[in-house]
């Protein structure tokens, strides 16, 4: 059992003003501290200026989580809406917030078929798309070089049957877009961990999980610098039991690390959340967990109530169960 204490500041403020809730931490112990005490790198969450400007949400992030992923501000439509015209307001906010509060950052995401500007989707020339791809990755990564622990270099490039998705990148460049993206990323920031990230990688026997592991194994053998596989882990209720074996399958591909990158679970049962945490703990290459939001209030799946804090920012039973399990 990890021994944890409540922040003294919370106790002092609560004693001084029992009616003051906004801005105070809502959980008795930091899930990040407990997880790191077990040898992992971080237990994090996602956010952007909107949610991080909410004082209650921000207080929980500062007190309980150790890593941040930008929810939308680093995606292509946000950073390069027009060719060669970059916009970093939202991403800068996230990076400045994280660095000033001592949070690790996972950059998300450099190459994705969704939230992709029309001008990129309309490219049909191989040389043009190669140039655009390299320039985008280089410009974004250079801006934050040395501040990002890991980058999701490519995101959601697989179909459910384990084949490669027919995105503009694949249609124009073929499978080689993966090599171009990772080699460019490595040249820009050699210290950053470079990830391939996807969803529905939660069952070792699922075609997509097998396809991911097989392709990554092949790409690594070809010298493509892939450091990690990110499993988003958006789960339905009861979907946690297969996560451990799936992580082991992904880890067997030859990557140096794996991570749970966008965790949320319909219903947020204590059993499901503890199962996922234990899965990461049991897989030596699993370096951390990121939940996809703090409170159900801001969740993209709000109707499923999938997060660790309810819409009033109170910790759920699952949060406390994780602390107890650790």
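Including glycine, each Cβ sits where the backbone N, Cα and C put it.
Straight from Swiss-Prot, the features:
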type: ACT_SITE; residues: 156; note: active site, proton donor
type: ACT_SITE; residues: 262; note: active site, nucleophile
type: DISULFID; residues: 280-286; note: disulfide bond
type: DOMAIN; residues: 46-325; note: domain 'GH10'
type: SIGNAL; residues: 1-19; note: signal peptide
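If you compare Cα positions, residue 156 (active site, proton donor) sits closest to 262 out of the recorded positions 262, 280, 286. Packing around residue 286 (disulfide bond) is summarised by its Cβ count: 24 other Cβ atoms lie within 10 angstroms of its Cβ, all protein chains included.
Taking a C-beta cut-off of under 8 Å and a sequence gap of six or more, residue 262 (active site, nucleophile) has these contacts in its own chain: 46, 69, 199, 230, 232, 233, 234, 290, 291, 292. When secondary structure is read from DSSP and collapsed to three states, residue 280 (disulfide bond) falls in the helix class. Per-residue confidence over the domain 'GH10' (46-325) averages 98 (mean pLDDT, predicted model). The Cβ of residue 280 (disulfide bond) lies under 8 Å from the Cβ of 40, 247, 260, 286, 288, 289, each of which sits 6+ residues away along the same chain. Its own atom aside, the Cβ of residue 156 (active site, proton donor) has 19 Cβ atoms within 10 angstroms in the protein chains shown.
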